[in-house]
Amino acid sequence: MSIRRRNNNGTSPSTAFGQTVMDSEYRIILNVGGVRHETYKHTLKKIPATRLSRLTTNLANYDPVLNEYFFDRHPGVFAQILNYYRTGKLHYPLDVCGPLFEEELKYWGLDSNECEPCCWMTLSGTRDTQDVLKTLDELDIEVDQTEGPELYKRFGWEDDYHNDSLSAWQKIKPRIWRLFDEPNSSRSAQFIAAISVFFLITAIIVFCLKTHPGLRIPELAPFGNFSRNHRSTSSRIHPAQINIDKANSRPHPTFMYIETICNIWFTIEILARFSSCPSRFEYLRAPVNIIDIVATLTFYIDLLSSMFGATADLEFFSIIRIMRLFKLTHHNSGLKILMHTFRASAKELMLLVFFLVLGVVVFASLVYYAERVESNEDNQFVSIPIGLWWAIVTMTTIGYGDITPHTYLGRLIGSICALAGVLTIALPVPVIVSNFAMFYSHTQARSKMPKKRRGVLSMDQVAQHVKHAPVRNSNGPTQRKNMENTPLVSNNHTPPHTLI
């Protein structure tokens, strides 16, 4: 009579051994960046159309000796990816940069949008950071220190630089462009930038001072002629009176001389930048350059028109010269960041305008009818358009006091209008402040980064380098060996060595 031994769970040792063998057939070993992971094959089939769901032994990264698949990828991110196959939930690792995480997901054939809601804020924050860095690259705040082929590549003269066939103008043009377009590129560029800012501020001051009544010359408008009246007993001559018309006055001629000197410098600056810029189309597309050109042209038009008698209509167009203040953004990175902060906060500003217009229309209508309900002899709200002016002044907390409600109901509506205006304007302010702080902090961090970094070869460059690498032969002389047909596993069944 034979007695079979059984395990604690009631199975025989042979059955347990068979189950272990069958279980090992369904398991798979993944070596990712030197860290071995082991899981079941059917686990990798849970997410089809991905890199891990299509693993076969015919792949080049399969090692038949160690019976594992090797991937030279980030092991920390892969732990979360393998957990995604097991649980169906993708979590963001906090110790990994966002772009690296998304790059790893793209390699394994996964979508980063499948991240769980608890980690979505972290992932979206890294994407916002990438957008900010991209915007800062477009702002061109940092000084471009490229020299040699990189500098001439921007002008399309890279081949001429390598062939040593640059003309005299091709050598001078990048220097002129840097002098006038990059204020911090050299001491000479800083000196020219200081001169430009001096003439800019002087032109703005002159534009404002020449409108002061005390600095204008009134026009003399005589009426009558010097004539001899009939002789009186005293036989005196009575001259005709001369009227001074203060309404028609002209600025002092000194202002015109100062403006002429300033605009001569602006003209030289425009011609130098336009003739030396890498792309004239991009130069004419910049709003600051358009304002500079138009403001300078209006001065010459005003100068020519003054020779033939300037009119008030022509003088009105000279107001565009005040727009030259935007040229200061070219010399100050803070102003440039502020302008792009408003651009980044366009949605919040449009929402502010929408709610402000909505409140203005509603409260203007309410106060118009509220002032008509009670008897009010001093009713100033004769129409809803006048109520619109009162509502926008009240909601923006200015309160000129030229129009005020006099009834109890009108004053109640005015109080609610003022409170609603404070709340409406205060809502988007934190968003704008946070955007400016984010742009400014990233700009300060980028300014402390090293300008030049060590280059990293791509896979194609590494393959080409290995292909032509010298190999020492045992016979003595150094020969070049073709490495393209080197197998992943050698004939003696030893794992391949990594070529550095």
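Glycine is no exception: its Cβ is also placed from the backbone N, Cα and C atoms.
Per TrEMBL, compositional bias 'Polar residues' is recorded for 472-500.
Residues or ranges marked as domain 'BTB' by TrEMBL: 26-126.
For 470-500, the entry in TrEMBL reads region 'Disordered'.
The transmembrane segment annotation in TrEMBL covers 191-209 (among others).
According to TrEMBL, the feature transmembrane segment maps to 283-301 (among others).
The feature transmembrane segment is assigned by TrEMBL to 349-369 (among others). Panel annotation: around the transmembrane segment (349-369), residues 342, 381, 383-385, 387-388, 390-392, 394-396, 405, 410, 413-414, 416-417, 420-421, 424-425, 427-428, 432 of the same chain, lying at least six beyond its termini, place a Cβ under 8 Å from a Cβ of the stretch.
Per TrEMBL, the feature transmembrane segment maps to 381-400 (among others).
Positions annotated as transmembrane segment by TrEMBL: 412-440 (among others).
Here the transmembrane segment (412-440) has long-range neighbours at 128, 132, 135-136, 334, 337-338, 340-342, 344-345, 348-349, 351-352, 355-356, 359, 363, 366-367, 370, 391, 394-397, 399, 404-405, meaning same-chain residues at least 6 beyond its ends whose C-beta is under 8 angstroms from one of its own.
Across the residues of the domain 'BTB' (26-126), the predicted structure has a mean pLDDT of 89.
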